[in-house]
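Written below as C-alpha cells is the structure these notes are about.
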Amino acid sequence: MKKTPLLNSQVSQAVATIGHFDLLTINDAGMPIPNDERRIDLAVTKALPRFIDVLETVVTEMEIQKIYLAEEIKMHNPDQLKAIKGLIAEDVEIEFIPHSQMKEYLSHPLNKGNVRTGEITPFSNIILESNVTF
C-alpha cells in the first residue's frame, strides 16, 4: 500500500505525469468539467469530499510554482481564499483571473487532470502549475 497521503489512483497518476509548467485543476461540484480522459470525479455528495481537503492532500505530492484563482473568490468566498493561502507555500505566485478564464484552462493542452470535489461553496476552484523539485 502507498505510504504517502494521496491514495486515489487517478489523482496520483495525474500528479505522477506532471512536468514543469504542467497544470492540474481542483474544482467545486458545479464547475463544468469536460467529460474526457482528464476528468477525475471524486464527488460523493454535497461537501464530500471538501475542496480544501483534496487540495491539502495534493500539495503533499506536487511541487507548485504558481496557482490561479478566480478573481471572484475575493468577494464571494474569502474564507476559502484564506484557507487556500494557508496551504500554499509563501514563495508560490498567486494570479487572480476571471472565472470564465478558469473554465478555459479545463481544456488547456498542459492540463493533466481536472479533479471534481463535492464542494458547494462558490468559486472553490484552483489551477496548480507545476514546478521542478531540483
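Even glycines carry a Cβ here, placed using N, Cα and C.
Annotated in Swiss-Prot:
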- His20: active site, proton donor (ACT_SITE)
- Asp28, His99, Phe123, Ser124, Asn125: substrate binding site (BINDING)
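Asn125 (substrate binding site) sits 21 Å from His20 (active site, proton donor), taking the CA atoms of both as reference points. The maximal spread of the substrate binding site, taken as the longest Cα to Cα distance among Asp28, His99, Phe123, Ser124, Asn125, is 12 Å. The residue listed as 'active site, proton donor' and His99 (substrate binding site) have their C-alpha atoms 24 Å apart, to the nearest angstrom.
The Cβ centroid of Asp28, His99, Phe123, Ser124, Asn125 marks the substrate site; residues of that chain outside this set whose Cβ lies within 8 Å of it are Asn27, Gly30, Met31, Ala70, Glu72, Ile73, Asn77, Met102, Glu119, Thr121, Pro122, given in sequence order. With respect to Cβ neighbours within 10 Å, the recorded positions His20, His99 differ, and His20 shows the lowest count. The C-beta environment of Asp28 (substrate binding site), restricted to residues of the same chain at least 6 apart in sequence and closer than 8 Å, consists of Phe51, Arg116, Thr117, Glu119, Ile120, Thr121, Pro122, Phe123, Ser124, Asn125. Taken residue by residue with DSSP, Ser124 (substrate binding site) is part of neither helix nor strand, so it is coil.
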